[in-house]
Every structure is written in structure tokens, then in C-alpha cells.
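Listed in TrEMBL for this protein:
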type     : residues               : note
REGION   : 1-122                  : region 'Disordered'
COMPBIAS : 1-11                   : compositional bias 'Polar residues'
DOMAIN   : 243-355                : domain 'PARG helical'
BINDING  : ASN398, GLN412, TYR453 : substrate binding site
REGION   : 623-645                : region 'Disordered'
COMPBIAS : 631-644                : compositional bias 'Acidic residues'
REGION   : 691-737                : region 'Disordered'
COMPBIAS : 707-736                : compositional bias 'Acidic residues'
Amino acid sequence: MGRGLRQTTLSFGPDRRILTSSTSTPPLPRRTHSTTEASSTASSSSTASSSSSKRTSGASGASLLARTRTLPPSSSAARTSSSHAKRPKVSLGFPPLTKAPSSSSPASSTKMDIDLKPGKDVPLPEDLGATFPPVKASKGHTCLCHPSSPAAPDPPKPFGTPIDIWDSYHVRMPTSPKNQYANRRTDSVEERWKLITHTLQRMQFTDAVDLQRVVLRFNPRYRSRWNFKALQAYCADKTRLKRLQRVVPKIAHLALRLPELCPTPIPILSRDRNHSLTLSQAQAACLLANAFFCTFPRRNASKGRSTLPSINFNSLFAAFSGSIPAVAEAKLDCIVNYFERVTSTLPGGVITFHRQALAVDNIPDWENSSCPLTQMKCFAHGTIEDHGIGMSQADFANKMIGGGVLGRGAVQEEIRFLICPELLVSRLFTEVLLPHESLIITGVEQFSRYTGYSSTFRFAGNHVDTTPRDEWGRRKTQLIAIDALVFRGRARYQYDPQLVKRELNKAFAGLWVRRPPREHATRFPVNATFATGNWGCGAFGGDPHLKALLQWMAASCAERNLVYFTFQDVELKELLQATVHNIQKKGWTVGNLYTALEEYSMYLLERRQRRASSLLEFVNLRLEGQQPSHDDDDDDDDDDDDVVGVDAEERGLGDHVLEDEAMEDAVAPGVVRPPLKTEISGDFGAVARVSEGAEATTTAATTSDTPVDDIEDAPSPEDEGEKDADDVEESLDDDEVLKLERAALDALYAKYGD
């Protein structure tokens, strides 16, 4: 086992019932990053308790316990089937959890300077001290532009000497001489950028067909695969068509400024590598203008499996089976509004993208952590982007950054990318995130307002972002992109201790702050509050109770306070805030809370098909020194199978036995990744495929002397065996993905164990 891991051995019978269990905990060295002691006094602890916590004290314990069944004085043992009656039983007589040492002040001693508006359950938009790392070119920080300043009248100038690099470590640019096509008419191979320049300079946009012709001119091999039905439906509205007629020529002009605005190579933020990339908002706009016309080469196909998200907008223009026309139109409204703004006046700020890969030595020892739990406040109303001002804000990301933003997706991450389109640039250079990695984006600007969510998502007009800029010209907005596991249809798996650790490590990878050099100590976002919510819930099938506690634990080890939005779920807000109050009152540490999560996992294993308490109910019972009920199942009905985030048929974890397969993106730095027998999609179905038989119009273009049919992609050795995106094998189902993830975690612990 790995360093500092509690080793739990489980044996299973043929009916998946647990037979034996043994646990041992090796001694651990103390980790400096997880043992920070709170320095505030007890008086500040009482001051920091919110009014909502006071309302829940005393009565809250009784109200919570009333929701569970009373436990008899003696603990019950796991009930075994008659065929295994002689085998050992699992005892659920949990020992009391250890209270935090007196030397470690409870988390409430850390003051959070946030209050409520009178009569409203939303936080004031105050600056909670979130500052940002400096913009300084170095080995670990690539700057594509000169630093800006809030008072600078013009966009920052590009930085560096023009050079062309065509390899897998950099973005393959449309301007590269190696980006070529075969001209049938002249029987020669020519540079594609010359074709792009010639076409866009002469482009006349009157309707959707004109844009379709241009896009297919640059991508002739897809003229029978791509459809433009969403674009055609969008242009059927006369008001929207007139707006496009004004904006599209300006987008074309902006796209042609690529050699001027982006002369230097753009590095790929690759896996297992800490690196930052800073570019200007003008450069981001130019790159997105090229994505609008689908000019980026080698980004429409996948060699078996792509490690980069899509970037060209062809899927945004398409209509898919099951897609909602109103949502597709709302997405295009957001994009068109953005281009209308930036083509009128180029913004003058800069944006920093930082890929953070957590080293094994920085991973907390969750079981034995004496780190005090920081303060956490919950709100039923408000949103992360509107009421998390001054805080680091959560992006409930897909491992392929942006998820289905260019496809059918319209949930938290996709919506944020649409109202802040500069985030889309991250898809150009960010490889799939591994379980110990995150993407931190600083300086992004919001351009649109919205209403609704998912199928009800709608564009609500222009938005003028008044967020102040830092001394390098970045908006004081910071997003932390962390991707949760998909438990859709496999909800019970999420309580497996191995997968719990995966989610803890993922959250910590985004929240951890690297200790800065002494001269920059005041410029780093040390102790910045984290604004978040139901991460990995909803479509991903996560339990809000579990995800809230996991994020609180990770934030505590990262020395951050937490502001949690439940998105109109008042019951969850009240239950979560009461639980937080009770935990802090008991003085639990991160290690104590982790132990409770392990106990809950064992409890669910024993309950199997019978009614079980929710996680927060279980934790409150443990806080009171009680155990969950083990009543007989005579009164069970359909409702008795309900557990927050758990399906009845998924009550058993079972043996996650995997032969030779291991999930590539679950392996820590330095671990050799074994080959996969089955291709895994980095985006679990978020980006839809073009439906078969959808054919695009192939009318000859009138904007150039060379017909579309006379253009082919130049042959290349790299093209041999290349698969189109539509031909990539189907993803593994979520069950197999979880097995792969768990097996790779076992390999990680075996590699780095003592």
C-alpha cells in the first residue's frame, strides 16, 4: 500500500456479501502542508459562527436524528445468508471518533469576512483577498504577450520572435507552411493559409450557405459528414441574420490577423507537467475567430483517441439527434455577442492558464490528517459567478476541458464557457486532465448574461464586466477547473474509499497553492476563499452530501475557506450548514471526517438492498455517538431503497477485479502507463456525433478561383491509419471506467508505497 494509507482487506462471497474485514494503519510522518495550526483565539471562534448555525444548535441534532430510526443499545452484526452462516460477520459497532487535539483550534477560529445582505440569503460581493500569481516569462511560464496594466489604452503587444514549429508539443497553427493541401487543378501541394487568406478576403456573407461553403472549403474531406442545420435554423430569424451579416466580415478580418497577433508557437499544456500560459484578450479573440471558420488543422480527426478537445466550431453549427434548437440558438447568440463586442473594440487585458499537476509528496494523508476544518458557509440562493466575486470559483469541469460546450451540453461548465467565451481558448492547448491535475484560469471576462439551465438555457443579453484588473491587466476572476468521476447509474461506487480519495486528490489539485518565493509572497492566492457547489452531481450522478464534504476537506488542507451554493435547494443548505456546525462544535479534523466516510462506506456495504441513512444523517449520528439503525426489512417498500445519490441495484461494491487494463489518466507522475485494450473517450458522451446521412451542401464556392472539389488535404505519413472523429470506438461504460480508475489507483499506491 501507499505511504500513509489505511489498508482495508475485504473478502466477498458469491452473493457479493462481505465476509471478513481487517484494517491496519501504518505509522505516518507528519506532513507540513496538512498540519497548519489555526492561530485565532476561542473568542474569534464564537464570533465566526454564523446566525444560521446558531439557529441549528441544540434543536438541529434532534431534528436530524428524528429522520433516522432509533438504534438499540447493542450493535447489530451483518446479516449473512444461510449458506454462509458459519463465516465471520462484519461488526458495525463503530468506535467513537477521536476529538481533535486541544492544540489544534477548530476551523471556525479562522474568520471569514463575509456576511449576509439584510433579508437575503446571498453573500455580499466583497473582495475576500484573492490575489494572483505574477506574469513573468520563465521556464514554467510562457508569455505570448507583454504584460498589460489597467490603465493601458491599447491591447498588449505580442511577445517573442516569429517562428514556426509543427509538432505534437505545440499547437499546429493554420499559418504554418507545413499546413498544406493538394490542389487538383494545378496538380501541386500548396500552403493552406494562402487559401484561407484568399477566401476570407473575398468572402461575401448573405446567409448560412455562404459560411458553410467557406468552412467546407478549408475542410473538404468533411463535406459529406458535417451538417450546418443549427446555423441554418439560426439564420432563419431575420434579426439574427442581419446581426451575422454585420459581424461575420469583421470576424474574417480578425482571423486574418493571426500572423500578426500570434507569431510565436503556443505550447500544449500537456499531462504531468506544471506550466502556465499567458496571452492577451486580443490574441484569444483572434484564435477564436479562426476556430469560427474551422481553420485549425489536425483537430477534426482522432488517431484512435485524442488527448485534446475539439476547437473548431463545426459542431456548434450542427444539429444533432436529441439536441434542442432553442439551446443551440442560445449558444450562437452568446458567441455572436462576444464577436460583436471584440470586433468593435479589442479588449486590453490578459489571461493566464495554469495547468497544475499535484506531486505525490504533496498529496495529503487524508486518514491521519490533523488539519483543522476551515469555515464553510452555505447559501441556497445565488450563483458562483455572480456572488463569488473576489473568490476562486469552481468550474465543474469535464476531463476534456469545456465538456460539450461545442456540442449539446449546456450545464455549469458549458454555460460558463459560453458567457465567458475566452475560456474556449483553453480547448486549443489543454490536454485531457489526469486525476491529480487541474486547470486554473485567471483574468477571464464575462460578455453575456443568461437564464435557465440545460434544456432551458437561454441568452439574456449583453453583460459589461466591471470586475477590476490586477497590476498585469487581468480581471480579478479565477476559475479552478476540476473534473469529477461519472457515477451515472453507478451511484454506490462513489463511496468506495479508493474513489473517495480520487475525488479528494482531484479537488486538492485545484485548491492547493504552491508556496511562492519570498519576494512574491503577497501576490499569490494564498488562503483565497473557494466558491463552489454541487460538483459532479446532476448528470454525473454524484451525491451532493458527499461532494460537499469532500470539497470542504480539500479546501481545509489547502488552507481555504469555503462558500457553498446549493442552487435553490433549501433543504440541502439547511442540512449541510447544520452538519458543518455540529462537526466544528465537536472539533473534528480532516482525518476524523475521512474516518466517518470510510465507516459510511462499510455501512452501505452491509446494508446492501435495505434502507440506509443518507451520508449527512450518518455523520450526525456519529457526532452524537450513536450508530445507524439496523431494523428488519419487514416494513421495507419502494421508498426504503432511497439513499441520496444511491440506486438500490448498486448497493454492493463487489470486487473491482481488472486483469491487464489500467486507466491511463489515473496514474500519477512517473508511473508507466500500460496500454489500454479498449479506447476510452475523454468526454463521456458530452460531445455528440454527427448523425449518419447528414450531408452538407457542396455547392462550388464563389469566393475563390479554385472549386471545392479540387482541394484535398496533402498526404502525410502522420495521416496513415488516422481515424475520423466519427469513426472512433464507443466509450467504455461508466462501470468499466470506474474499474479502470480504481485499478490504476492501486498501481499508484503500489508504485509509491513504503
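For all residues, glycine too, the Cβ spot is worked out from N, Cα and C.
A map of TrEMBL features onto the structure.
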residue	record	Cβ neighbours (10 Å)
ASN398	substrate binding site	27
GLN412	substrate binding site	25
TYR453	substrate binding site	14
Could you tell me the maximum Cα-Cα distance in Å between the residues recorded as binding substrate, namely ASN398, GLN412, TYR453, rounded to a whole number?
17
Within the predicted model, mean pLDDT of the domain 'PARG helical' (243-355):
94
Using DSSP, would you call GLN412 (substrate binding site) helix, strand or coil?
helix
Report the DSSP secondary-structure composition of the domain 'PARG helical' (243-355) as helix, strand and coil residue counts.
52 helix, 16 strand, 45 coil
